[in-house]
Amino acid sequence: MHKKRVFSGIQPTGQIHLGNYLGAIKHWVEMQDEYENLFCVVNSHAITLPIDPAFLKSQSYELVKLLLACGIDPKQSGLFIQSEVDEHPALAWLLNCQVSMGEMQRMTQFKDKSLKNPKSVNVGLFNYPILMASDILLYQSDLVPVGEDQKQHLELTRNIAEKFNRDFGNCFKVPEPLIAKVGARVMGLDDPKVKMSKSHQGANHAIFLLDEPDIIVKKIKKAATDSMGVIAFDEKREGIFNLLNIYMLLSNESPENIEERFKNKGYGDFKKELAEVMIQALKPIQERYKEISDDEVKAILNGGAEKARPLARATYQKAKELMGLI
């Protein structure tokens, strides 16, 4: 039976944290048997904001090493770097010419990012949803895992595909969203009102996958809760709800079992056990990470790019011909 193709992209712009893992990467690992997967390190997206070239290069390899340590299997899935497939920006230019300024000006992420970095706003930042559409459409993707913050961009991608097919002839598969029901939003430890983020400045905001046990214990001790002292899954109590959600995702226990276990215990006891569950969950990832060599990473990326290029080339050539380009 033909497996549906899934395209997933991740930027190499900072350390991978628990929110990335529980919200995306863990699901990617679990769906490798069910789908044909292409995992792409979207490094061209990373240059829409100021970034040191040496850091970008090292972070790209670092990210691949972590993805492998988390369980991405290059024998099952394609894993490659965006900039190694030339058709990504080439198709993006063709798509640029099919999208109105009005559609682009409605993109909320551009507004948010430009407010945070007003001195660094460039055309690439404004335009990157088109490159994202190119990433997806190049591979005739059936499904795209998206969080809440990327839904608008996938909708734009779908609109672009439908418009192109209507105006020039059938070329692109119109992708559907693949939204994880659980774990899609892990919030910051220091501020449970905001999503856990690589770019947040707080020292105790995020748990990173390579954090040492003593660092994890320290961060969890300082994690925000409330003054009620009752351990229960209540979405209105953002701090304890976030910690319980993390515990549930790492332990695979039901909310009922967790509440029963901590019924007569305080936040200190719960945080101590949460830190231990976290340490044990991250231990095998950290051990595998240490075993992966730079040469192994480069060989896997070469193989992934070799798999991706023919797919991308076929789509780009068809789009080019349909538009009358020689």
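A Cβ is built for glycine as well, from the same backbone N, Cα and C atoms used for every other residue.
Swiss-Prot names GLN11, PRO12, THR13, GLY19, ASN20, GLY147, GLU148, ASP149, LYS195, MET196, SER197, LYS198, SER199 as ATP ligands; from the candidate set VAL186, VAL217, the record adds VAL186 to that same site.
The residues of the motif ''KMSKS' region' (195-199), classed with DSSP into helix (H, G, I), strand (E, B) and coil, number 0 helix, 1 strand, 4 coil.
Each residue contributes its Cα atom, and for ASP135 (L-tryptophan binding site) and MET196 (ATP binding site) these two points are 25 Å apart.
In the three-state DSSP scheme, THR13 (ATP binding site) falls into the coil class. GLU148 (ATP binding site) falls within a helical segment according to DSSP. Cβ contacts within 10 Å of VAL186 (ATP binding site), excluding its own Cβ and spanning all protein chains shown: 22. Looking just at the motif ''HIGH' region' (12-20), the mean pLDDT is 91.
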